[in-house]
Amino acid sequence: MLDAFSRVVVNSDAKAAYVGGSDLQALKKFIADGNKRLDSVNAIVSNASCIVSDAVSGMICENPGLIAPGGNCYTNRRMAACLRDGEIILRYVSYALLAGDPSVLEDRCLNGLKETYIALGVPTNSSVRAVSIMKASAVAFITNTASQRKMATADGDCSALASEVASYCDRVAAAIS
């Protein structure tokens, strides 16, 4: 796992060069946007249960066969596993946002996820749909446009961080499908 700082150091070391120029400017921007980044992570973490349960509910509303006998969310145990997986995915998305780097998401969450879902018979199209609902909710909370809750946010535009979270969710969807 690399954070924004480690990534710059590794890249500079590979070039046998000092950290400077555009790398240094990128780190300055990362630090300047630190409060917005922390507030964005907090918006996701504070609303994680809501984000995940809404995503799973939306997925089921669009595919009621999931809760019918034989469906992948039929029985409390399977529903709990589905909610747990959603929480884990969202947690790693928040870790990536905090670090400013997707490697933690890639290495510890997405590596082998599709193969695991296929082995368990989890319908990937439904999982991708749940991730897209989580993406929309997380972006809404970061940009403070979620209809049910308004939070104090850092001054300034958080659209870049919302786009960053959206890109991490897109990585999850691509890894599953």
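Using the three backbone atoms N, Cα and C, a Cβ is placed for every residue, glycine included.
Features as listed in Swiss-Prot:
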- Cys50, Cys61: phycourobilin binding site (BINDING)
- Asn72: N4-methylasparagine (MOD_RES)
- Cys82: (2R,3E)-phycoerythrobilin 1 binding site (BINDING)
- Cys158: (2R,3E)-phycoerythrobilin 2 binding site (BINDING)
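Nearest to the residue listed as '(2R,3E)-phycoerythrobilin 1 binding site' in space, judged by Cα atoms and limited to the recorded positions Cys50, Cys61, Asn72, Cys158, is Asn72. It is 21 Å from the Cα atom of Cys50 (phycourobilin binding site) to that of Asn72 (N4-methylasparagine).
Considering only the binding-site residues Cys50, Cys61, Cys82, Cys158, the Cβ with the fewest other Cβ atoms within 10 Å is that of Cys61. You'll find the Cα of Cys158 ((2R,3E)-phycoerythrobilin 2 binding site) roughly 31 Å from the Cα of Cys61 (phycourobilin binding site). Cα to Cα, Asn72 (N4-methylasparagine) and Cys61 (phycourobilin binding site) are separated by 14 Å.
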